[in-house]
Amino acid sequence: MACGEFSLIARYFDRVRSSRLDVETGIGDDCALLNIPEKQTLAISTDTLVAGNHFLPDIDPADLAYKALAVNLSDLAAMGADPAWLTLALTLPEVDEPWLEAFSDSLFALLNYYDMQLIGGDTTRGPLSMTLGIHGYIPAGRALKRSGAKPGDWIYVTGTPGDSAAGLAVLQNRLQVSEETDAHYLIQRHLRPTPRILHGQALRDIASAAIDLSDGLISDLGHIVKASGCGARVDVDALPKSDAMMRHVDDGQALRWALSGGEDYELCFTVPELNRGALDVAIGQLGVPFTCIGQMSADIEGLNFVRDGMPVTFDWKGYDHFATP
């Protein structure tokens with residue numbers, strides 16, 4: 001039997017579940033009605049994902065749903081927010097019920113993990129794409145921003161940037177990885193990145209600035225540099241790289257992916273000298289390595305790199321949707 005828009009929503013997206021107490025009205029009315037907790041600042045982010053641009057057209061729908069939500073959660077993580085609500089506008093070329101079942105099951109599994117609620121959205125026919133609006137909140141005055149870095153602050157990254165680009169290369173057969181465990185790890189880092197929600201929350205009163213690594217370290221740290229109005233010096237020898245990647249590529253390729261590969265969804269953040277001890281206490285037990293890779297400076301402009309103490313330059317840039325090929 002054909003599945004119309006409203007029956008599609010009812011069957012796959014209006015799940016019976018324990019509702020959040022801050023949702024007065026969710027799916028089923030003209031608007032969602034939300035009650036914002038007292039002394040909290042609302043945090044909102046929106047992302048559009050298009051088949052063939054942001055994800056491979058033949059991607060497993062469960063992986064697609066996970067990644068679509070995870071990359072939005074990463075935006076909340078970068079500002080230290082608590083996740084709360086999601087809207088989803090989904091454009092489909094046709095109603096494929098097995099696809100929708102796998103997609104919605106995966107989406108709700110991650111929503112439930114973070115105690116989030118889908119509160120509304122839209123469905124329409126067309127080339128496969130989706131727009132997610134994610135909402136959360138942050139204690140007033142404690143949000144992490146890109147603009148707070150000061151000269152002398154230390155620059156850190158979580159995890160091992162470059163893994164996602166390596167995983168994409170494996171999926172596209174541009175990188176041959178003979179070890180199954182390494183291939184699986186790299187592919188999962190691309191398809192199912194882990195949003196660093198707990199790290200962002202722990203950094204609220206410790207970091208001076210933060211951003212998530214969506215377009216590559218060169219591009220994203222560059223945003224902190226520009227917004228904060230001071231330069232940055234990065235030691236490329238300090239950049240962390242996973243063994244799974246390093247076993248299969250040379251140092252040059254690994255460095256390129258670490259700096260400009262994108263889609264790692266790790267956090268890059270700056271910490272004043274006074275807070276470095278507190279940083280170890282705050283996120284040292286969260287199970288994800290974090291590495292100091294450089295320092296903000298008033299003596300230089302823009303983003304600068306050094307290797308063995310000597311300046312080096314790179315022509316690489318981060319991802320840009322509208323860049324000329």
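Cβ coordinates are placed from backbone N, Cα and C, and glycine is handled just like the others.
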Asp30, Ser45 bind Mg(2+) 4 per Swiss-Prot; candidate in Asp63, Asp75, Asp82 listed for that same site: Asp75
Proximal residue to Asp122 (Mg(2+) 1 binding site) among binding-site residues Asp30, Ser45, Asp212, Asp215 (C-alpha distance): Asp30
Cα within 10 Å of Thr46 (Mg(2+) 1 binding site) - qualifying binding-site residues among Asp30, His54, Asp75, Asp212, Asp215, Glu263: Asp75
DSSP three-state assignment for Gly121 (ATP binding site): strand
Binding-site residues compared (Ser45, Thr46, Ser214) - the one with the fewest other Cβ atoms within 10 Å: Thr46
Rounded Cα-Cα span from His54 (substrate binding site) to Arg146 (ATP binding site), Å: 24
Rounded to the nearest Å - Cα separation of Asp47 (Mg(2+) 1 binding site) and Asp215 (Mg(2+) 5 binding site): 13
